[in-house]
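The Zn(2+) 1 binding site annotation in Swiss-Prot covers Cys2, Cys5, Cys30, His66. As annotated by Swiss-Prot, Zn(2+) 2 binding site applies to Cys30, Cys33, Cys61, Cys64. Residues annotated as Zn(2+) 3 binding site in Swiss-Prot: His59, His71, Cys88, Cys91.
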Amino acid sequence: MCGDCVEKEYPNRGNTCLENGSFLLNFTGCAVCSKRDFMLITNKSLKEEDGEEIVTYDHLCKNCHHVIARHEYTFSIMDEFQEYTMLCLLCGKAEDTISILPDDPRQMTLLF
């Protein structure tokens, strides 16, 4: 992974978790060939372990195949919630939790 190719390493993306794609706004250009072009996504894999889906892939420079970053995305269901995480030098770090129920219990107000 190459910190010289990105504007900011592991930027905080809040709750924006990307299962695929690239965060091109954070890409300053390839440190090896000095070109700023689209990226290739290679070595994509999907694993399921203990009810958790893990998607990993590499971001590569389209021109010289320099490895810019390794992307990891996870999805799991915990109790009544879907949980997502993303960790990538280029795309950033993020996590999100969404209720699988029609009405999110976290948004309910208690009535006394």
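Glycine is no exception: its Cβ is also placed from the backbone N, Cα and C atoms.
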Show which residues of the chain containing Cys30 (Zn(2+) 1 binding site), separated from it by at least 6 in sequence, have their CB under 8 Å from its CB.
Cys5, Arg36, Asp37, Cys61, Asn63, Cys64, His66, Ile68
What's the CA to CA span in angstrom from Cys2 (Zn(2+) 1 binding site) over to His59 (Zn(2+) 3 binding site)?
10
Cα-Cα separation of His71 (Zn(2+) 3 binding site) and Cys33 (Zn(2+) 2 binding site), in Å?
21
Least buried of the binding-site residues His59, His66, His71, going by other Cβ atoms within 10 Å?
His66
Nearest by Cα to Cys33 (Zn(2+) 2 binding site), of the binding-site residues His59, Cys88, Cys91, is His59
Around the Zn(2+) 1 site formed by Cys2, Cys5, Cys30, His66, which additional residues qualify by having Cβ within 8 Å of the site's Cβ center?
Asp4, Gly29, Ala31, Val32, Cys33, Cys61, Val67, Ile68
Going by DSSP, is Cys30 (Zn(2+) 1 binding site) part of a helix, a strand, or coil?
coil
Going by DSSP, is His71 (Zn(2+) 3 binding site) part of a helix, a strand, or coil?
strand
Rank the binding-site residues Cys2, Cys61, Cys88 by the number of other Cβ atoms within 10 Å of each Cβ and report the first-ranked residue.
Cys88
So among the binding-site residues Cys33, Cys64, Cys91, who's got the most Cβ atoms within 10 Å?
Cys91
Suppose the Zn(2+) 3 site is His59, His71, Cys88, Cys91. Which further residues of the same chain have a Cβ inside 8 angstroms of that site's Cβ centroid?
Leu18, Ser22, Phe23, Tyr57, Ala69, Arg70, Glu72, Met86, Leu89, Leu90
